[in-house]
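A.B. asks: Before anything else, here's the structure in question.
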Amino acid sequence: MNLRQRPIPTRTRSRFGAYAPAQPVSAEVYNIIPIHDVRSDHPSRSCLEVRAAAEALRTAEDLRKPSFVTWYNHMDILDWLGVFFGFQNDNVRNQREHLVLHLANSQMRLPPPPKTVGSLDPTVLREFRSKLLKNYTSWCSYLGRKSQVWLSNRRDALRRELLYVSLYLLIWGESANLRFCPECICYIFHHMAMELNQILENYIDDNTGRPFEPSYGANGFLIRVVTPIYNIIKFEVDSSQNGTKPHSAWRNYDDINEFFWSRKCFRRLGWPINRGPKFFETDKTKKVGKTGFVEQRSFWNVFRSFDRLWVLLILSLQAFVIVAWQGTEYPWKALENRGVQVELLTVFITWGALRFLQSVLDAGTQYSLVSRETRSLGVRMVLKSVVAMTWTVVFSVFYGRIWSQKNSDRMWSDAANRRIITFLEAAFVFIIPELLAVTLFIIPWVRICLEETNWKVLYCLTWWFHTRTFVGRGLREGPVTNMKYSLFWIAVLASKFSFSYFLQIKPLIAPTKILLSNPVVTYTWHEFFGKANRTAIVVLWVPVLLIYLMDLQIWYAIFSSFVGGVNGLFSHLGEIRNIEQLRLRFQFFARPMENTKLSLVKKLRDVIHRFKLRYGLGQVYKKIESSQVEATRFALIWNEIILTFREEDLISDAEHELLELHQNCWKIRVIRWPCVLMCNELLLALSQAAEICKNEYRRCAVIEAYDSIRYLLLLVVKYGTEENSIVANFFQEIERYIEIGKFTEVYKMTLLPQIHAKLISLIKLLLEPKKDHSKVVNVLQALYELCVREFPKAKRSIVQLRQEGLAPLNPAADAGLLFENAVEFPDAEDARHLRRLQTILTSRDSMHNVPTNLEARRRIAFFSNSLFMNMPHAPHVEKMVPFSILTPYYNEEVIYGQGTLQNENEDGISTLFYLQKIYADEWTNFMERMRRDGMEDDNEIWSTKARDLRLWASYRGQTLSRTVRGMMYYYRALKMLTFLDSASEMDIRHGSQQLASHGSLSSGIDGPLLGKAPPAKKLDRGAGSVNLLFKGHEYGSAQMKFTYVVACQIYGSQKMNGDPRAEEILYLMKNNEALRVAYVDEVHSGREEVEYYSVLVKYDDELQKEVEIYRIRLPGPLKIGEGKPENQNHAIIFTRGDALQTIDMNQDNYYEEALKMRNLLEEFRTYYGIRKPTILGVRENVITGSVSSLAWFMSAQETSFVTLGQRVLANPLKVRMHYGHPDVFDRFWFLTRGGISKASRVINISEDIFAGFNCTLRGGNVTHHEYIQVGKGRDVGLNQISMFEAKVASGNGEQVLSRDVYRLGHRLDFFRMLSFFYTTVGFYFNTMVVVLTVYTFLWGRLYLALSGVEESTTNNLTNNKALGAILNQQFIIQLGLFSALPMVVENSLEHGFLSAVYDFLTMQLQLASIFYTFSMGTRTHFFGRTILHGGAKYRATGRGFVVEHKSFAENYRLYARSHFVKAVELGVILIVYASQSPMAKNTLVYILMAISSWFLVVSWIMAPFVFNPSGFDWLKTVYDFDDFMNWIWYSGGILGKAEQSWETTTGLWGKLLEMILDIRFFFFQYGVVYRLKITSGNTSIAVYLLSWIYMIVAVGICIIIAYARDKYSATRHIYYRLVQLLVIVVIVLVIVIFLKFTNLIFLDLITSLLAFIPTGWGLISIAVVLRPFLQSTVVWETVVSLARLYDLLFGIIILAPVALLSWMPGFQSMQTRILFNEAFSRGLQISRILTGKKNIDM
């Protein structure tokens, strides 16, 4: 089939897709429900609610008809709106279905069903209108405009409500990129609703004198309304040079939207939209200012946005220093001193200065917002600075007057005290706003009311504190929630400040006093700052102050781990971890799965049951017989879950039968529990006959075995024969004695083992493919002898036996012909029951290893555990909240191609071979399934089963097919749940019997097959076993409740270009009937114009081809912002339902989790605090953790965040945002407030989290729920992980600049602001501070060593305590280990403490600390550089399997500037310090001080090679060196492309700061030259200045060599060699002369390298910053040559340890073990992978 083929048109369309009334058609292509096709037999057409909604839309008969279009009787309200307002036809069709589906679903969910089901209930429409237009109503109130929704006391109120909601949906559905500007849509709706009212009220047009009609025309809404605003957005993005220009130079989506937050939008734009105002200015020479906020690149944004935090820390620090300076043991003793009390008042001076700083920063960054219309903003900026400065001066004067009075009185006189009182009175006035804030925090509803009220008088009162904005109002929580997170932060702050005072500030006071009181220091260099030790004191304090500022992050990690663990315990997490715990709870599973409500008494009993189960108290077993429908329903669900496990190849056929909960058959009277639960129970019962019913499973095992044996023997012994009656009489006798309780008295229990053995022999014979009749007869005869003659204690004669019917009446039969002619072998359908009976009879082990697959065991444990967690009641499917899933897709893998699986890398490893070893057990199960499906030869896997093979591999990668399969489990689950909801008890009973007789998988456990059942389906429509029972309505119900849209942005071009991915996407549609694909189609016209359309397609089963459903024209190219949110935005109009789950294309889902979606969606009806949720946070399970140790580290890190981390953020902190992917949105809440992400170029590079910011700012509520999980793939290679970390860190750097973070930092209360900071940008900021602490600590130590301060103080014995305090500061850095605490706590909670400790120790042995330290460097580099220079961008990581070796040159390009150069710098500092410091002579002291720093250096240098496959292979190391040399000399170096080295510098302030930082490299030269013997101890500045001669000579030599090379190396090579010889001779002569006639020693030559090489690097770094100015000069060539040499030097330094380890034996195998250890535990033969010595034996 040609994929580009267009479907046959089913409706008329104008040339531009404008609205043209559709003619009545017989079979219109529809999406979900055929609304107007009355003859359709679609299941939804029988739904009365759908009919009621559709009929409500047809009430357009008495509306005034348009004068220029023919009106047809079948047309409805949406057609009427489409005609008048120029909406596109397909937009109308799309929103018609959208509206009908929503109204129908809402009416289904009404608590008391409406009296007239066939008509639309007004309550449904009223609630929908209220929710849909709530943002519009708030906007009108905010701007003081009257709403254009006119409803009061009107007879046609219902139809008017329909018209308003329909109009809004039509506007929204065609607004394209404007959907990111919700208040812009409000503005459009406001005026179009005004026009609608004029039509409805029959207003007369003043210009025509006729009834008013809007003049939109064909396609008018798109052309006249959307396109002008779209064009200005596109112009701004184009002028931003792809987002590289400063944010302050162009307007983004937020700026456009916030233009509509002021009344001037009405004045300037008017209606119809006037394109003349400055808003539409497209002249690049005329700057149009920003709106509401200006994003400026500066680290000061961290202070601006979170000033309250920094004020607290700085003022506390000042107070601690003042108190600690007194030297008292405890701080409260120092406070008894009046002088200390007065000194503490200086905090108010500092506070005033900080307010002044904040006002200056506000003015310096936001000055461009000031214009003629915003004079008040400029006035406020000036006044704030003046007032803050005034307060600072006033406090300073008052403070000075206090001391002057005290000094004059020489005591604390009454006059001095009165001046203190005056100061305190002024301070009280100063803090009145803070006291008011505290008061309103305690009574939050007052503040919410004040902020949400739009009275002008309130605005005037709050004008001083903040700019009035439409968002960020009423963000306070209720008092209970306030109290919870307040107590959390009070505990955190109390711990932090106690630690800081006693272990950070106080220990430094004594060393500081010693240094101040001992100014006599012999400096070994020229000291610019005199003989006072002020610089040494600064060096001492700076690292400690940095730690003081960041360690609140560590305390947060500690307390959040504790609180998260407690929350998890109360949420019942980790209660079921293994099969034994599963056995205890399995029989109670049916209760949570039922959707019947429990009474209070039953709930209390259930709590008691769960308490006993958790702590093992009492016997809680409950007998549930198979006649109970509840258990049978659960059996259907459980078996479907196990069937999906088998379809996914997680379990084998044998394990499937062991785990299956078999349906009732063979007249068995008890629940047929899964064999895995009943294993060994029968044997225990045989050995302990007195305790035969000790527990439920043993009782059931005994009864099932008995019933099965009775049925089997009566089946095998032919009915109607004498032998059959003997068997029947024997069992009747046994049952009679059991009933009267004399079984053990009448029969010999010692014979049971012999009977048991014979029964096993009989079953084994019956399971053989070729039945041996004689052996069966012999076994039956032996059983007869044992049971009838020997089993009873009392011997009976043959006469007695004949009388009792236990012996044949014919003597001949008794002589040995018994059973000879009475054997009838069972049918093939009975084979699986025979195997189950055999398992019950023979199993002797506990089967704790079933299933063997770790993923299957994890999923069973999580699902089982989740059933006992706090989930809402699950309604019937028809009353559940409908939802959609949206997956953005661009050009990633859909299904792996055969070539992709077979192609081998440089090591000879194919993707398939890799997967076979990673997932060895799943590959075995897959091959078993293929053989069951008819594959006779294993080689057929590449021919007839190629599609199955490709799917199997794709389901183990991060592919679209895996995501689609997982999400379609929702559809499959809803169909089954619909059946169970509607099925009667008779349906359930007969259905279960039908399934039992139908059979299941046909592979045997111990023996061959008796017969084959239908093969398990793969990706088909409605796979499963329960679908055999469906009646037809299940499909319609599921489709009304679930929609899955994949936004395949370039699917149209893929079809046009013949891309195989297009065929694969079509295959997915073909095999998933609920799947829809949305894409952007580009249609080229003859005039070189391009039209863009949003298109929705599906696969039509009847037509057997892809059909187009909707085609909605766009105003221009889709992608003018960030790609992913734009892709989501264009497809969101095709989603349905009240909820929307966002899923990335590297995610997965599980059938058992899909069953709980009904429960999750009910959370939208529950209040969490004072609000209902608008985002339901969902737990993620990282699916890539088993690939390698590196993937495991990433998985552990992610898991701790998505579980414990987000659990604490949601409760108690109430600052959980949206972190992407599995979260479920309140769809209608978000579609009216800007959508599910933000798309402004660069600033919204982390688009997902901005949805959370937007939600919180607009009064939403985000919760987190852990009883349901979704799979999530992560990057598995170090380079992939680093690119991902770079993207996230860069995104956080952009967030620091954003208006969202600024507003949240100012509008949230203090404690929530702390939570927000330390869980978003604060984490990255503090990570950077940790690295800066290491830098400042080492640079400080280097200063002390080179300046002579350290030597001077070391010689002074009284300073040992001071130096000890200096050294002890290093241990605080080790507190970073606490960042791993959440991981350990969560692992302990879910897997047990010992397991968590074992995993943690294993990770350390696999060098996890090196990985996490390396990642810390990545985050620091990109976070800092993004704030300074920008450069944030989407970095495609590939998401593939990583087994190939990465070359050294590639690693060097990626990590040179972010890790290697920094590590070399720190290493040089440590080496210089070790060589020059007197303290380094004490090895222990040096090790204690430098060990963590050396670990950082080693981690940053070695991590890319430790975690690189074949990283220590000698041959690869040699090849890598050659490749690196080629890159250095021919194409690389520091001046390579920015995208290769991840290095950019932009902006004046960024360049200036970069140059200032680069000056630090000159310090090496300054410090070291004075240590050379040639200086003879001279400390004159002239020594340093003369040392620059060395640099000039070195550069001159390079220039001479370069000149000679360029001039002579090609033509007169001998001259070039001669020049080299002369240079060498001169250098040697100079060195000899200096050695002879000066104090120069040979060691000075080596030491000088440590001085001058860093200086050269500093010069090169500064030159790179100044590249735009130097590139056109002759200097640049010299810079390039020197830079290449430095890159070569760095490369050799980094490669040297790698080469050494590669050369030494054993390190390669050790590295392999470290990298792939987890895979080894699952059978991965990694040695074969890495050597390529493999044999593909498939």
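Numbers here mean position along the shown chain, with the first residue as 1.
Quick reminder: no glycine exception, Cβ is built from N, Cα and C everywhere.
From TrEMBL, here are the annotated features:
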- 159-274: domain '1,3-beta-glucan synthase component FKS1-like' (DOMAIN)
- 309-328: transmembrane segment (TRANSMEM)
- 381-399: transmembrane segment (TRANSMEM)
- 420-446: transmembrane segment (TRANSMEM)
- 532-549: transmembrane segment (TRANSMEM)
- 1316-1342: transmembrane segment (TRANSMEM)
- 1362-1381: transmembrane segment (TRANSMEM)
- 1393-1414: transmembrane segment (TRANSMEM)
- 1548-1569: transmembrane segment (TRANSMEM)
- 1581-1602: transmembrane segment (TRANSMEM)
- 1614-1635: transmembrane segment (TRANSMEM)
- 1642-1665: transmembrane segment (TRANSMEM)
- 1685-1704: transmembrane segment (TRANSMEM)
A.B. asks: Could you give the residue numbers and ranges of same-chain residues that sit at least 6 residues beyond the transmembrane segment (381-399) on either side and whose C-beta is under 8 angstroms from one of its C-beta atoms?
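C.D. replies: Those are 342, 345-346, 348-349, 352-353, 355-356, 358-360, 362-363, 366-367, 370, 419, 422-423, 426-427, 430, 464, in sequence order.
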A.B. asks: Look at every Cβ pair spanning the transmembrane segment (1548-1569) and the transmembrane segment (1642-1665), keep those 6 or more apart in sequence, and say whether at least 3 of them are under 8 Å.
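C.D. replies: Result for the transmembrane segment (1548-1569) with the transmembrane segment (1642-1665) is yes.
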A.B. asks: Using DSSP, what's the helix, strand and coil tally for the domain '1,3-beta-glucan synthase component FKS1-like' (159-274)?
C.D. replies: 78 helix, 2 strand, 36 coil
A.B. asks: For the transmembrane segment (532-549), name the stretch out of 309-328, 420-446, 1614-1635 with the most CB-CB pairs under 8 Å.
C.D. replies: 309-328
A.B. asks: What same-chain residues lie close to the transmembrane segment (1685-1704): Cβ under 8 Å, and 6 or more beyond its ends?
C.D. replies: 1448, 1452, 1456, 1460-1461, 1464, 1501-1502, 1505, 1511-1514, 1516-1517, 1520-1521, 1524-1525, 1528, 1532-1534, 1598, 1653, 1656-1657, 1660
A.B. asks: Six or more residues beyond either end and a Cβ under 8 Å away: which residues meet both conditions relative to the transmembrane segment (420-446)?
C.D. replies: 342, 345, 348, 351-352, 391, 394-395, 398-399, 402, 465, 476-479, 482, 1309-1310
A.B. asks: Over the domain '1,3-beta-glucan synthase component FKS1-like' (159-274), what is the model's mean pLDDT?
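C.D. replies: Within the domain '1,3-beta-glucan synthase component FKS1-like' (159-274), the model's average pLDDT equals 90.
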